[in-house]
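Here TrEMBL flags 1060-1070, 1164-1180, 1217-1242, 1250-1269 as compositional bias 'Polar residues'. What TrEMBL lists as compositional bias 'Pro residues' is 1286-1295. Under the heading domain 'Ig-like', TrEMBL lists 25-120, 125-218, 223-316, 321-406. What TrEMBL records for 441-535, 541-631, 636-731, 741-834, 840-936, 941-1038 is domain 'Fibronectin type-III'. What TrEMBL records for 1033-1070, 1107-1133, 1147-1299 is region 'Disordered'.
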Amino acid sequence: MRKRGRGRERGGERIPRSSVRTFTPFYFLVEPVDTLSVRGSSVILNCSAYSEPSPKIEWKKDGTFLNLVSDDRRQLLPDGSLFISNVVHSKHNKPDEGYYQCVATVESLGTIVSRTAKLTVAGLPRFASQPEPSSVYAGNSAVLNCEVSVDLVPFVRWEQNRQPLPLDDRVIKLPSGTLVVSNATEGDGGLYRCTVESGGAPGEGGGPPKYSDEAELKVLPDPEFTSNLVFLKQPSSLVRVLGQNAVLPCVASGLPPPAIRWMKNEKALDPESSEKLALLAGGSLEISDVTEDDAGTYFCIADNGNETVEAQAELTVQVQPEFLKQPTNIYAHESMDIVFECEVTGKPTPTVKWVKNGDVVIPSDYFKIVKEHNLQVLGLVKSDEGFYQCIAENDVGNVQAGAQLIILEHDVAIPTLPPTSLTSATTDHLAPATTGPLPSAPRDVVASLVSTRFIKLTWRTPASDPHGDNLTYSVFYTKEGIVRERVENTSRPGEMQVTIQNLMPATVYIFRVMAQNKHGSGESSAPLRVETQPEVQLPGPAPNIRAHAASPTSITVTWETPLSGNGEIQNYKLYYMEKGTDKEQDVDVSSHSHTVNGLKKYTEYSFRVVAYNKHGPGVSTQDVAVRTLSDVPSAAPQNLSLEVRNSKSIVIHWQPPPPATQNGQITGYKIRYRKASRKSDVTETLVPGTQLSQLIEGLDRGTEYNFRVAALTINGTGPATDWLSAETFESDLDETRVPEVPSSLHVRPLVTSIVVSWTPPENQNIVVRGYAIGYGIGSPHAQTIKVDYKQRYYTIENLDPSSHYVITLKAFNNVGEGIPLYESAVTRPHTVPDPTPMMPPVGVQASILSHDTIRITWADNSLPKHQKITDSRYYTVRWKTNIPANTKYKNANATTLSYLVTGLKANTLYEFSVMVTKGRRSSTWSMTAHGTTFEFVPTSPPKDVTVVSKEGKPRTIIVNWQPPSEANGKITGYIIYYSTDVNAEIHDWVIEPVVGNRLTHQIQELTLDTPYYFKIQARNSKGMGPMSEAVQFRTPKASGSAGKGSRLPDLGSDYKPPMSGSNSPHGSPTSPLDSSMLLVIIVSVGVVTIVVVVVIAVFCTRRTTSHQKKKRAACKSVNGSHKYKGNSKDVKPPDLWIHHERLELKPIDKSPDPNPIMTDTPIPRNSQDITPVDNSMDSNIHQRRNSYRGHESEDSMSTLAGRRGMRPKMMMPFDSQPPQQSVRNTPSTDTMPASSSQTCCTDHQDPEGATSSSYLASSQEEDSGQSLPTAHVRPSHPLKSFAVPAIPPPGPPTYDPALPSTPLLSQQALNHHIHSVKTASIGTLGRSRPPMPVVVPSAPEVQETTRMLEDSESSYEPDELTKEMAHLEGLMKDLNAITTA
């Protein structure tokens, strides 16, 4: 292993070393070429190489250097060429024939070798065939053979009557040496012989010429009769090299003399109009300067008018190897990996070998052939320098190209080269080194992962550079005991790990790591020795597998032991399969051969072998195919039939035996026949295997004969058919007169053809030789076709569509034509056949742009890669909604690869497909794409709005409706508007929100016997839709029952709320005497104090009542648009004793609240409607208006879930609320008009109640486990608060239960106390409105409690509220102290 660190001074500074060496031009100017010579002549093989200094030239013959110093016949010329004088060649001594190669060497630089050149010496003349005596009719062609070896053909000459024969266009010599005389005349007669100048061209001192036998050619006069057409010379398959000329011989003879024409691949050739093609004498075809396009099958057709014969031959064009990419020069450092690239083409495909300095490179672990032709050198060492040559060779020739490798010192930067020259592992072109400190050795190099084929190395930064962010690292590694070292670099600066791939299992490797900085490479780490893991080795494929047929039913397969394998081979498995089937069978074998028996005869089988060792099955061999031997057929020919022609001949027809029983190639058939009358002699005749009928002539008239046929293969004769008999006619048919008229004629017209069918004449005794069919448009005499007497139908082709044809049919014999039969027919009209469809568009995508628009895009594979449309094609886009019942498509055309589909329905799933049309060709529809349009606000109102009264509850109505037909999205809720005035502006209507997709809603506490108008509006995620038409409904008249909403009796001062201990199931009031006896006794102790409190409370209440009346009048004048509902009546003064008792039992409820009240209740209003409003006196009036409580029952309440998340946010003034009770048919509480100023009553109020403008919980609080009722949240509205716009009459306060309730969200006791009032208002068209605190109904409390709560002024400032809280808490403590005392 090379030690690094050369060229280094103390102090870690580098001394610049040698500069970059340059590549030396070294190449061949001239290379030897293939040469043909003859015995005794001299030859020069040219070679010249360029280099500075001049190279030394040597020659190799057949791979061995020639010693030219002591050779008297071969010498080296000054330019490097090889001169061979007096070529020696005999049957047993051929010292000069062979392959020559020129080798050029420059000391200290390297060696290059030229291409190899073949020297061929034409052998001694031997005639493969000689001319034979023949005769030719004048005007015909004659062929005289004289075939010698290919090398001697150039030396063949012809003589006529011992005189040299001049060649011309009529008399030619074929490339094989054969002489062709065309269009023979009398002067062509005579004696012919061919001669070979065996010693070369005359005058070169060769041996005497060799003559063939003489043969006489006779020219006969043209006879009267015709003679059969035969080929004298047929074309044979030919191989030619690119650029050579090819001659396909074809000579035919017959009378009249035939004309020759040529076809290639079913296409007629015209030599007269082609520069490449020429028709030679006799009809041979010459193709000059052949190219690859000239390859193919050529047909020679000879036609003399009476008959036609044809022959065919294959022309194969070979191409010499040629470089597509030549190796390029490479600079590299030691331990690097490099690749020399070499790309070649040729026909047949060339093989590539690499030569280094004149020696063939043998592939190994470090020299590898990659990507078929490229040479990869791994882990360079200094000795790898030199010249590398890529030599490509095929049957036609060979070429070479070379490149130089220079290995630089490590401190010399690699000049920039094309990136292909280095592998990915070592494409680091080093920057020029600058002087400076070099890094020390990397620390703690360890193999963190060791596998069978790879090792992962990690290390720490060098001590000289603890951060090491800018360091790169090189890992050098080699097999133990191998000098050649390889390198792998890290992929980025600062990376401190590398995985070394492609290692060998169970092998020891030595690793060391070196760091590089901008100044160069530093010290190397200490060597690390690591052994890869052993690999479980399975056997490789068994080499040299061979199969040969042992018999018609058995095949023997042999193979050898696999080369690789860890452990002994235990056995082999031989798999075999009949060709064309997919059922593979197997057999276990312990030796290296096996014979498979019981196979089908003459059938091809494939075989493969898998070796097994202790680890399991190894790699399978490649399949080898072999066919079992043929045998005699095992079945007779089929479908034997006899046809009596006349009194002396019978035609016999048959079909070959079934394919599975032929057992080989059928070479012929043996026909045997005899007379049936007695055991007469059997006559036998043989026919070729391609013939399936035979005419047997010379039979006796009126005699029965038996016939049988057997098939033959090269193995023998198979079984014969059964005897079949037929009798010759007693006398021949009459041919002294013409046939009679055919008995019938039928025609069936098609578009461009008519099918004619007929039956023969009824008189069968007159000979019919055939039928003549005449036809034409309007006349049957335009065209005539004759067919055989056996034919019964014929199709007349190439007719015009929609045309009227007249057709005649006549039978004829040698006497003449019989009487015609006429028929007419009209061909069908022309219909355009469906053209081949185009490919449908692909990649159809739907991009949703809006609620009614989707963009469709696609690609067209029949367009070029850039997808540009240059022709007149167009695309059809179709779409429909994806509803199964909907089959109606809409269509649109586009000329680009996209289309914008508009006018779609919102929130609807559509499916799209595309087809392409070009001219008359269309594609099928593409695969569908789907897209759902975005949602849009509903564009139609809810349908079928109906209003009905709730049974048993005349003040509660139920509104029902159906979703809008054009919802355009998922309906998230509805808003019900209602009013007593249909003409009122919409902002004066009462709003009832409905969350979700419910289609029914209850509205409670309406005024009896009053007409109401209802409208409904739907909403989705995009907004509100249009309102429905107003629907009128009149509430029923009052029934007088308290449970049905009539006025409840006044509650006297003795009424007490239920105590917290008495859990009445519905929260109904119970007698206070039942449960408060003990309480009365305790309270009586402090009765004096309480009486004082009562007197004060009564006084305050009366003051409040008169003040409230004044405010009511003011309210009406200020807020004139508000409607009144019911009579506002005053309530009796409350009994504060009861209130105190309740306060004492339940001062401030602090029970846990699992469901705190939502203070933000959205209301569906436009944003411009929400306007802030002063907390003015109006606020107080409005607040009190909101605090009316109506009749409340469980079945009129909508669900809590349906109440959330519905409206635009609106702050409601209820921060903390008492528990909600389930109430049924209990009196609800009317509010007392509250004083606008704070009175003494405030002292007795619950601070929480005061601050939140709501009610204290009933002491009858239900368990948290009980189901809590849900409630409505309704915005306070003038319509709900005041139904009748009248000034309340003076008089004692009465209780009015008819005021509408606004049931609220289900609430339980809160565990938090927020002492602030949140208010919001709903402004209308810019008009400010008072804030609307929402009231929470609870179980019925006593009027006193209600009055105390209502009387408190709710528009306090925060400071005042804090004071009030403290004041009220003090009051609570005083009351508790009194009662407990």
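Here the Cβ of each residue, glycine as well, is placed from N, Cα and C on the backbone.
Because the structure is a prediction, the values reported are computed rather than measured.
In terms of DSSP helix, strand and coil, the domain 'Fibronectin type-III' (941-1038) has 3 helix, 56 strand, 39 coil. With DSSP states grouped into helix (H, G, I), strand (E, B) and coil, the domain 'Fibronectin type-III' (441-535) comes out at 0 helix, 49 strand, 46 coil. Contact count against the domain 'Ig-like' (321-406) (Cβ pairs under 8 Å) is highest for 25-120, out of 25-120, 541-631, 741-834, 840-936, 941-1038.
The helix, strand and coil residue counts that DSSP assigns across the domain 'Ig-like' (25-120) are 0 helix, 50 strand, 46 coil. As a whole-number mean, the pLDDT of the domain 'Ig-like' (25-120) in this prediction is 87.
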